[in-house]
Amino acid sequence: MKFFIGCDHGGYSVKSKVIQILESLGNEVKDLGTHSNQSVDYPDYAHKVCKSILSTPGSNGILICGTGIGMSITANRYKGIRAALCTDSYTASITKQHNNSNVLCFGQRVVGMGVIEDMLRAWCKSEFEAGRHQARVEKIENIT
Ligand code: RB5
């Protein structure tokens, strides 16, 4: 799978390890920053990742900030983006199966590296089940 990854200063410390895990699982990862611990605004990185996903069919995203909340709020403003804020491998797996999420968000100040790795593995190996979930996902997109 092709991934775009972005973080703010609150997610920077785990970003390189996340990239390493994703690549070890056979994925291609493009790092859209941030590239240091210096304070930045998380929406800037959520916008970069979401725009890249929408212009690259079939791609996915990872967004990391302190809590994951600001990233997920921003990403879910985009039609066609389904960003899931997760704290465990169960929700990471189910959100791919049921919501066809294309962005995984989490907070570096909330979950440790072991949980992050479990979530990445769960999310990568899970597949959208379609069926009854297809119409539900379409109803998300059909907001008026
Ligand atoms: C930055 O301090 C923090 O607000 C940000 O990383 C994130 O948690 C926002 O939702």
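Each Cβ is built from the backbone N, Cα and C atoms, and glycine gets one as well.
The local packing around Gly68 (D-ribulose 5-phosphate binding site), expressed as other Cβ atoms within 10 Å of its Cβ over all shown chains, amounts to 26. Here TrEMBL flags Asp8, His9, Gly66, Thr67, Gly68, Ile69, Gly70, Asn99, Arg109, Arg132, Arg136 as D-ribulose 5-phosphate binding site.
Within 10 Å of the C-beta of Cys65 (active site, proton acceptor) there are 28 other C-beta atoms, taking all protein chains into account. Residues or ranges marked as active site, proton acceptor in TrEMBL: Cys65.
If you look up TrEMBL, you'll see His98 marked as active site, proton donor. Within 10 Å of the Cβ of His98 (active site, proton donor) there are 17 other Cβ atoms, across all protein chains.
Secondary structure at Gly70 (D-ribulose 5-phosphate binding site), as computed by DSSP, is helix. All protein chains considered, the CB of Arg136 (D-ribulose 5-phosphate binding site) has 12 other CB atoms within 10 Å.
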